[in-house]
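Here's the structure, in structure tokens; my notes come after.
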Amino acid sequence: MTSPSSDTPRRFGTVAIVGRPNVGKSTLLNALVGAKVSITSHKAQTTRHRILGVTTRGASQFAFVDTPGFQTQHMHALNRAMNRTVTGALGEVDLVLWVLEAGKILPQDRTVLEVLPDDRPVIVVVNKLDRITPREKLLPWLAELGQLRTFAEIVPMSAQKKADASRLLAIMEPYLREGEWGYEEDALTDRSERFLAAEILREKLFRLTGDELPYTSTVVIEQFAQEGQLRRISAAIIVDRDGHKAMVIGAGGERLKRISTEARQDMQALFDGPVFLEVWVKTRSGWADDQAAVRAFGYED
Ligand SMILES: Nc1nc2c(ncn2[C@@H]2O[C@H](COP(=O)(O)OP(=O)(O)OP(=O)(O)O)[C@@H](O)[C@H]2O)c(=O)[nH]1
């Protein structure tokens with residue numbers, strides 16, 4: 001018997017994950033990569049960076065680009081930077097995954113549809129299938145979806161189900177090009193630990209403040225040092241107003257303590273070693289409207 005790796009040619013491809021906010025793009029990326037490289041939360045618009053997750057399956061390697069949700073409501077400096085990121089990402093990829101919520105095509109979805117490239121394959125991921133019972137109810141909607149344009153595939157699934165993510169990888173495989181891999185076999189992400197630390201803290205911040213905190217709040221890692229096994233991290237949560245600062249800190253500092261503790265636990269699990277985490281809350285009013293500040297905080301590539 002010959003081993004499959006010796007006679008199966010290697011394949012490699014870059015895959016953009018696009019869709020309006022909250023359809024489940026980050027959840028999907030995490031499921032496809034099988035590790036927590038992107039953050040998820042109930043709050044819309046939590047993904048601001050292009051995040052590369054890499055997954056290798058047999059002879060095939062997929063490099064994923066997670067793009068921010070489309071901004072159609074608030075057009076200030078921050079959102080312009082985000083939209084440029086989406087357009088840039090689509091120009092470089094081999095395959096596009098357009099994520100929709102099963103049964104819904106909102107005006108914001110149509111905005112995304114308009115920028116889908118004509119010259120490369122687009123697979124529609126019809127996500128959150130678990131919310132539709134019985135599934136047959138979806139059939140007329142799927143037929144309507146198929147009329148919108150030519151799609152390479154339409155895949156109803158749940159990003160929260162491992163088996164579905166695995167099935168999607170198999171469906172995507174033929175769309176990769178034959179050729180060498182772009183990354184090591186065990187690579188998960190090309191993002192630094194410093195970046196991942198900021199993402200984890202930002203996830204806890206939004207999870208534990210619910211919808212009270214405006215999405216313009218952010219996290220900056222001010223210091224990241226490794227001393228033997230220990231990572232010593234100093235982070236700042238930047239908010240727009242003093243009222244938001246009080247909200248993050250919470251009564252008697254309880255909320256900030258919980259945010260820090262949960263973030264530290266996740267970082268320790270991801271980095272596989274002890275973490276000393278110090279978190280400050282700082283006010284910087286109107287930063288999201290200030291182009292220079294947006295650049296300084298790293299939202300432009
Ligand atoms: N029921 C159900 N919920 C899901 C599924 N996939 C994602 N979700 C939930 O949908 C919400 C949004 O998921 P995200 O992955 O953060 O969505 P996103 O598209 O990355 O959002 P932005 O970062 O705002 O662009 C979260 O509460 C997820 O838990 C699914 O298959 N089924």
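Note that Cβ sites are derived from N, Cα and C of the backbone, with glycine treated the same way.
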For the region 'G1' entry in TrEMBL, name the matching range from 3-10, 19-26.
19-26
Can you say which of 66-69, 242-245, 282-285 is given as region 'G3' in TrEMBL?
66-69
Where TrEMBL places region 'G4' among the ranges 39-42, 91-94, 127-130:
127-130
Note the mean pLDDT of the region 'G1' (19-26), expressed as a whole number.
87
Please report, as numbers and ranges, the same-chain residues at least 6 past the borders of the region 'G4' (127-130) whose CB is under 8 Å from any CB of it.
23-24, 27-28, 99-102, 138, 156-161, 164
Tally the residues of the region 'G4' (127-130) by DSSP class, grouping H, G and I as helix, E and B as strand, and everything else as coil.
2 helix, 1 strand, 1 coil
Tell me the Cβ neighbour count for ASN22 (GTP binding site), meaning other Cβ atoms within 10 Å of its Cβ, over all protein chains shown.
17
